[in-house]
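Here's the structure, in structure tokens; my notes come after.
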Amino acid sequence: MTNLVRWLFSTNHKDIGTLYFIFGAIAGVMGTCFSVLIRMELARPGDQILGGNHQLYNVLITAHAFLMIFFMVMPAMIGGFGNWFVPILIGAPDMAFPRLNNISFWLLPPSLLLLLSSALVEVGSGTGWTVYPPLSGITSHSGGAVDLAIFSLHLSGVSSILGSINFITTIFNMRGPGMTMHRLPLFVWSVLVTAFLLLLSLPVLAGAITMLLTDRNFNTTFFDPAGGGDPILYQHLFWFFGHPEVYILILPGFGIISHIVSTFSGKPVFGYLGMVYAMISIGVLGFLVWAHHMFTVGLDVDTRAYFTAATMIIAVPTGIKIFSWIATMWGGSIQYKTPMLFAVGFIFLFTVGGLTGIVLANSGLDIALHDTYYVVAHFHYVLSMGAVFALFAGFYYWVGKIFGRTYPETLGQIHFWITFFGVNLTFFPMHFLGLSGMPRRIPDYPDAYAGWNALSSFGSYISVVGICCFFVVVTITLSSGKNKRCAPSPWAVEENSTTLEWMVQSPPAFHTFGELPAIKETKS
């Protein structure tokens, strides 16, 4: 009973962070299963495993996206690493609103349940994660599936908004003595910017899907031209949320990578303030570029010119971050432990994804490439090899601090190389498919595309082996005995550590700080 009470009613940021990690792992495995089903269907031309049920294919695509974005990356990055380490890094005893933190987590399992139900009732929700009307309207999806998906999004949105309020309050009001804003670790800054993005963008999504809900069930016509509505309005509202959302997914990763690169290069991050302002700029600019997802809907040519230019401007702060990471490594004594491998892999592959993003920013080119596999390749490079690599990097970096046990280094490196090989083999060929005009969200294709698709599917099977490796690492780490105890600061002598989490024992006490730490100076 005591255990049940501890985990169900927890107000401790570490316990809630651990719950987020477990939840993210479960959702991640489910999302991966769906992606493998997608790749099995696309492994060769013709109908493969879904027996010609093309609606089911789109249900898989939709569920894969929602699971990975709202139930894997966001809970693990913001809920997991954010909850665990933001209070420790700023020298706070806990989050500002511990019970709000608890409800933020417990809104997610019901939300996940609603999403899974949506896939199981009637013919499921085969709309893609964008849920565009009229396809998501009552005439095209007549059952309750889309409505369930909408309620699922509402719940996970409320969870994220409450969480972001909590993070903003915590970071502004609960820093320890001497911890000025300009001394905040970069991961804390990244979570702060992310929280503001969530707070400003999610209500817009909530408005859009609520209007969709009333269009479907109460005969309103927000998105129906027959009653004076406009489906393009939905696209504007959705992408005004959807574009900041992709920065929400990657920004905490930026913070994690900054810490890791600094630690394993043995020197402070190059250009700390530049890094902070780059993140803030990315956050601000993220709200000014949404229509680049809509170049094909007949926007005015001047509008397209603006959104092309604005999108390219985002590459500037992003480039500042990448070159600062490289400058941090420059001349350092680099140790290629597993976290650093994932961090370097992140920098390399995120850069590739960013470059294809610059290609797609050109409205003229995008009209040819829109809704092809080129776009799929682009965002999977920044998510599947950006966000996910950052998650793995953060896991290996902090796992000793979280569980108080060291992970098997060799197996971690094997996990990295298998995953690195698998994801590249999966997504690199998609650039070629897109350039040849293979459209997204279609379960069958002409024979000409067979070769690259077969390669891509093979790559996804390798990625699954990598994920199995990862869970073996987790199992070994959790079941290792007292001889595998983790030092307070496993990566450096405590005197050389630049952030607070390495000053406390591994794992930290239930109440981290007996008295709040005072910060005298920081090495940067």
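The backbone N, Cα and C atoms fix where each Cβ goes, glycine too.
The record from Swiss-Prot ties His292, His293 to Cu cation, and of the options His243, His259 it ties His243 to that site too.
Of the residues Pro439, Pro443, Pro446, Swiss-Prot puts just one in the Ca(2+) site with Glu41, Gly46: Pro443. Annotation for Tyr247 (O2 binding site): same-chain Cβ neighbours under 8 Å, separated by at least 6 residues, are Thr194, Leu197, Ile282, Gly283, Gly286. Geometry remark: Pro443 (Ca(2+) binding site) versus His292 (Cu cation binding site), CA distance 26 Å. With respect to their backbone Cα atoms, His292 (Cu cation binding site) and His64 (Fe(II)-heme a binding site) stand 23 Å from each other. For the binding-site residues Gly46, His64, His370, His378, a Cα-Cα cutoff of 10 angstroms around His293 (Cu cation binding site) retains His370. Under the three-state DSSP scheme, His380 (Fe(II)-heme a binding site) falls in the helix class. Secondary structure at Pro443 (Ca(2+) binding site), as computed by DSSP, is coil.
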